[in-house]
Amino acid sequence: MDIIKQSDLVKPSANAKRQAAASETRLDPFSGQWSIFAPQRTERPDEFVEHRPTIKTDVACPFCRGNESETPPAVWSKHIPETARLFSADDGPADYEDWSVRVVPNKFPAVDSIDETSTAPSTRPSALFQSNAVTGGHEVIVESPRHFHSLTELDIAEIDLIFQAYRDRIRHYRNVAGVQYVSVFKNVGRTAGASLSHSHSQLIATDRIPQPVASVVENMGRHRANTGCCLRCDVVRAERKAKERVVACDETVIATCPFASQLPMLVRVTTLKHQACFEDLGDRELESVSRMVYRVITWLEQLRPGTAYNYCLHTKPPGIVDPSDSFHWYIDIFPRMSQVAGFEWGSGCMINPILPEEAAASLRKCSASRNPRRF
């Protein structure tokens, strides 16, 4: 893996450092949204410090080995025999169902199943108060039979299998009639939206495309029409040349802190080669992606031990007709370091206290001092 070294970068002058402390606004070419960067706000006093508690096996956890009956039947499940060595006597009864990663329907779905809904969903025909039923699917990817909290606590074989589950389930839903959009995401920690501590992620498929996603698709299509190039490929090439926002890069994938990131320490992972759909990745490419994500989360946790975090996987929506092949998939990984407060809610403009150049530099230092599991 090619880690960008600090020595490869031009050291900022005293004047540049003073300028870095000043607020500025930056435009995200993908979303069309502006973000405010205010580095001086990192100096604010903060009385509220949260630490992630130590996680122990919970006999009542519906995701633990031996409690499979507490969830709906699995729609996807695979077992890796070599992971049996990872279990202890506290991890559940011996007569457990053989699985390493399993996918189950969510018992409390955000959307109704597209297979179980009436063909004539209820609507409110009003110009001012429009309403429609939303259908699709909502699944939970249980990432291990063992009661762990973060992806970084899992075995590499499990991590690879988790990303195989993502790929396979997205493939399933893009072939389901009526599905327009598929989102895969992970919440770790209460402040990140997790309701259960056992390591898991989720997939939601819907019969409509969210407006922010449609805006990104539109902007990427416009760039392709104007330049003949993929916007994300152009940005990746520019970032590799500039180097200052690159966290890590290998022959397949790159991790960067985006120029106009809305959240502090946000890292974006994508392929160097143009690829519209995550679900079309081959096994070798998928392995590179899963291990890059693992490394990035490891470095984030080294900087902020016990931090809550999210990641979101963005693939080309099945409902998008894209003959110019303008979309390019990506994963955003971000620790929950700040709260959305009054100005953000009122204006729709995020305030980020950490410049992406500083975030990338901090993560590169972590990668240089601690190289997690050389896979």
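Positions of Cβ are set from backbone N, Cα and C atoms, glycine also.
Those TrEMBL annotations? Automatic predictions, nothing curated.
Since this is a predicted model, take the numbers as computed values, not measurements.
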In TrEMBL, the residues Cys61, Cys64, His147 are said to bind Zn(2+). Which of His79, His172, His198, His200 is said to bind at that same site?
His198
Integer Cα-Cα distance in angstrom, Cys61 (Zn(2+) binding site) to His200 (active site, tele-UMP-histidine intermediate):
12
Site of maximum Cβ density within 10 Å, from binding-site residues Cys61, Cys64:
Cys64
Limited to the domain 'Galactose-1-phosphate uridyl transferase N-terminal' (19-210), I'd like the whole-number average of pLDDT.
78
Where His200 (active site, tele-UMP-histidine intermediate) sits in the secondary structure, as DSSP reduces it to three classes:
strand
